[in-house]
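Have a look at the structure below before the remarks.
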Amino acid sequence: MSSRMVCVADFEEYANEKLARTYKEYFSSGADQCQTLKENAEAFKRLRIRPRFLRDVSCRDLSTTLLGEKVDFPVGVSSTALQGLAWPDGDICTARAAAQLHSCMIVSTYANNSVEEISAASPGGLKWFQLYIMPDRPFTQRLVRRAEAAGYKALVVTVDLPVVGKRYPDLKNRFHLPPHLSVPNLQGLQSSASQSNDERNYGSGASPEDPALCWKDIDWLSSITNLPIILKGILTAEDAGIALDHPGVKGILVSNHGGRQLDGVPATIKVLPEIVAAVGERLEVYLDGGVRTGTDVLKALALGARAVFVARPAIWGLAYNGEDGVAEVLKILRNELDLAMALSGCRCLAEIKHPLVVGEEYYSKL
C-alpha cells in the first residue's frame, strides 16, 4: 500500500485532482440538491458503537457467504457505469481486483467492457450482473442469456429507475460518452426517439428506463432464468414485504442509486433495519451508499446487512492506479473492518449484532 494512501478519503482526494472535471462530476454528482447523496455518508456518522471487551479477539474471521458463494470479507463492489472514464478497461481492472481479494463485483449493464470480456479476464472471481429490465424484452432476455453463459451467479435488477434522475452537473456539462468508449452490452439496443441527448445522461445513446416496469416483470424475469434475482433500490418495508411473494427474488440490495435518482429519500443505513425486519431470514439483505470506512461496514452489519457494496470508492481506486488501486481500497476497508471488530469485541461476523450499534439519542437519554 502506498504510504500516502491510508484511507478511502485519500483516494477520493486524488481522483478529484486527476479526473477531468466532466468525468469527476459525472461520478460524484447526485440528483438535484444532493441532499440524499450527502446524507448517505453523514447518517453513518450519527451511529455509535457500544464495544464489548475481555472477549479474546486474538483470532478473527471476516468470511461469509453470498447466496451460498464464499467471500473472504463482506465488502464487494457495486455496479458503476462507464468505469472506462476513470481508467482504461476499468471494469476489467475492478473485476480482477475483486477476484484478487476474493470478494464480489456487480458488473454494470453500462460497463465499457462486455460481460464476456469481464468474465474471461477475471476467472474464478464471484460476479453478479446488474440488469435493467428494458422495454425491449427480447433484447433483455438475450442479455440475460449472455450473463448466464459467461458464468455470472446472480442478476441484480435495478428497480429505482423508471425514469432517469436529474443531475445538474451532467446537464450543464452536456455529458456524453467520449468516442473512444462504448457500451458493448447494449449493442443493438435502440434508444427512444422521444428522448433528447441531454435526457440520455448515461452517455451511451440508449436509455434503460421503463416507466411501465412493475412486479409482473420480476415474475417474467424469474420465468426465463434460474439465476437468483436481487432487487436493487428497495427502500421501504412495504416493498420488501411484496418481494417475499415473488419466489425468484433471493435478495435485496438496499440502495438509493448513490443519491442519483430521487433526491430527498433517506440514507440507506437509515432504512436498513426496517427492511431486515420485513424479510427476516427469508431473503439476504445487502446495502450500498455512503460506506467509506471499516466502521461503516461494522455498523451496517450490526443493523442486519449480510454484506455491503461500494461504488465511488472503487472508482477513486481506479483513478489512482487501476486494478492495484481498487485492490488497495478493498484492502483498506477489509483491514479497517478487522480492526473495528477487534476493538469492539467481535471475533466473527455472527457476533456483530444489533446491540453493538445505537443512534445518538441512546446516550442523550442516559
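Counting begins at 1 with the first residue displayed.
The backbone N, Cα and C atoms fix where each Cβ goes, and this holds for glycine too.
All annotation found in TrEMBL is predicted automatically rather than curated by experts.
Look at TrEMBL and you will find His257 tagged as active site, proton acceptor. For His257 (active site, proton acceptor), the same-chain residues lying six or more positions away in sequence with a CB closer than 8 A to its CB are Thr158, Asp160, Leu161, Gly165, Gly233.
The FMN binding site annotation in TrEMBL covers Ser108, Gln130, Thr158, Lys232, Ser255, Asp288, Gly289, Gly290, Val291, Arg292. Every protein chain considered, the tally of other Cβ atoms within 10 Å of the Cβ of Thr158 (FMN binding site) stands at 21.
Among the features that TrEMBL reports, domain 'FMN hydroxy acid dehydrogenase' is placed at 1-362.
What TrEMBL records for 187-208 is region 'Disordered'.
Around the Cβ of Ser108 (FMN binding site), a 10 Å sphere holds 27 further Cβ atoms from the protein chains shown. When the Cα positions of Ser108, Gln130, Thr158, Lys232, Ser255, Asp288, Gly289, Gly290, Val291, Arg292 are compared pair by pair, the longest gap among these FMN-binding residues is 22 Å. Non-local neighbourhood of Gly289 (FMN binding site): Asn40, Val254, Ser255, Asn256, Gly258, Gly259, Ala267, Thr268, Ile269, each in the same chain, at least six residues away, with C-beta under 8 Å from its C-beta.
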